Amino acid sequence: MATLLNSVSPATSLSAKTKQKGHHSFLYQVPKFHSFSLNEGFPRVSASTQVATSSKDSVFTLPNWRVGTGRNVRKSKEMRLNEAFHYLEYMIGKGHKPEVNQATQLLYDLCNARKSRKAVRVMEMMVGCGVMPDAACYSSLVNYLCKRGNVGFGMQLVEKMEEHGFPTTTFTYNSLLKGLCMHGNLNQSLQLLDRFTKKGLVPNAFTYSFLLEAAYKERGANEAMSLLDEIVANGGVPNLVSYNVLLTALCKEGRTEEAIQLFRELPAKGFEPNVVSYNILLRNLCYEGRWEEANDLLEEIYEANQSPSVVTYNILITSLSFHGRTEDALKVLDEMTRSGFKSTATSYNPIIARGCKEGKVDLVAQCLDQMITRHCNPNEGTYAAIAVLCKEGKVQDAFFIIQRLGNKQNSATKHEFYKMVISSLCRKGNTYPALQLLYEMTKFGFNPDSYTYSALIRGLCREGMLDAAVEIFKVLEENDYKPDIDNYNGLILGFCKYGRTDSAMEVVQTMIGKGFMPNEITYTILVEGLAFEEEMDMAADLMKELYLKEVLSRSTVERLSMQYDFKELSV
């Protein structure tokens, strides 16, 4: 591990994208694998559920994936869920129809399990066999896809459902709009708004707030204010949320005086400020150190017969900590608890971060002890705050605190706790402090596993330290640790994210040469890497060849084709 720490340094430069990615050079090494066999797998499931399949168009029931019974009880919930999905696919393929409530519940549960591809497939199969899902199910799926960032997928689904005569509601279009706005696509959002108004749907206050938020994030507060004027001029009726978005926009740009003026004009516009409106202004006043004005604003909250929220208290705690007033921040935290609000890690983290920055280990330990006493669990932000000690050169102090937290876990979970700390730091962009802490942990008997190493590799790649990620593999092998497929996939993904799909393919060749078998995730990363570099023809060719070699499933190919618009592909 000491060797690893000495070798880790940010990559000074990334190699230029080569013209030829060389994906054909490794295709001959790609072995075939046999997909799950429906004919072999489902007679047992069918027998266990006693489903009548004597005639086509008969309605069938799915095996109970929600509660394990008999032999099924030993299977994980995820495994039972997958079995139910594959059974649905198999039975519909045989011409039978599912019981609509069961199929709908399966769709919801797949969404909750973050299996969006399968959830969409359930919707497609239901429509294809003439079993129409209800409007709530359809709208929820679109909303889920957009929240997960699959806006294109959501739009495709809306188009398909409209082709089947399924009505689209304002709620459905708002989901698409919000998804587009979240990704900074204001022009597309406005085009979509025009499209759904032409269909006779009426935008609501939520529609306007999504657009205004996108406008200020993409083009600034002035653009957002102009857009609101245009909305009102065209007969739109915004609500207080829309004006709160404008207050946020002005405050984000440091235009506190203009925000205060707009805040004072709200009653004349027909709106009484709510606690959210007050919090927006309070945050700016506190960060600017305008404590007297902040106190006056707090008094106004009470005079307006409103109550501070947990956000109000957290704003005060965070800003006081930011200005080095940790003792005052602790007093506010105590008052918050006395007022009946439950403190969370979000409340403690700013104080811990400031304590770490100032090297006040005792203060940090005091906060952590108080958190545990109050049943307030540390989170990723807590570990990131402690990592500041590493950046200040106090790695052993940071480890002392982490160890103190770990000792409060039982012996069975202490190992898992250390894993969680390392992976959390890597996700938060604190990979080098994570490496430093890991070194201390190993001296006290912690043995990193594949999950921990994968987190480090992904973290290094995410921060652009690709050479360091490669170096990890060398050090691991020197210490008789054999990297596994997840470790390699993390490195391959890192290269692809930085437009180095050529290097990613070299890693695949190396992996195969060492006897490690790539899986479907590996090949999917490569296809998406080429698409990310806008090598669409090459990505489509590679996908087709991998499909023909039976290492990409049909459902994966359909998802990639839809996501990247590989229209000419026929499989």
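Keep in mind that glycine also has a Cβ here, set from the backbone N, Cα and C atoms.
Since this is a predicted model, take the numbers as computed values, not measurements.
Features reported for this protein in TrEMBL:
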- 134-168: repeat 'PPR' (REPEAT)
- 169-203: repeat 'PPR' (REPEAT)
- 204-238: repeat 'PPR' (REPEAT)
- 239-273: repeat 'PPR' (REPEAT)
- 274-308: repeat 'PPR' (REPEAT)
- 309-343: repeat 'PPR' (REPEAT)
- 344-378: repeat 'PPR' (REPEAT)
- 414-448: repeat 'PPR' (REPEAT)
- 449-483: repeat 'PPR' (REPEAT)
- 484-518: repeat 'PPR' (REPEAT)
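In the repeat 'PPR' (344-378), helix, strand and coil residues by DSSP number 26 helix, 0 strand, 9 coil. Confidence over the repeat 'PPR' (169-203), given as mean pLDDT on the 0 to 100 scale, stands at 83. Within its own chain, the repeat 'PPR' (134-168) has Cβ neighbours under 8 Å at 104, 107-108, 111, 114, 116, 119-120, 123-124, 127, 175-176, 178-180, 182-183, 196, 199, 201, 559, 562-563, counting only residues six or more beyond its boundaries.
The DSSP breakdown of the repeat 'PPR' (414-448) into helical (H, G, I), extended (E, B) and coil residues amounts to 27 helix, 0 strand, 8 coil. With a threshold of 8 Å between CB atoms, the same-chain residues lying at least 6 positions outside the repeat 'PPR' (274-308) that come near it are 240, 243-244, 247-248, 251, 254, 256, 259-260, 263, 266, 315-316, 319-320, 322-323, 339.
Taking DSSP states H, G and I as helix and E and B as strand, the repeat 'PPR' (274-308) has 26 helix, 0 strand, 9 coil.
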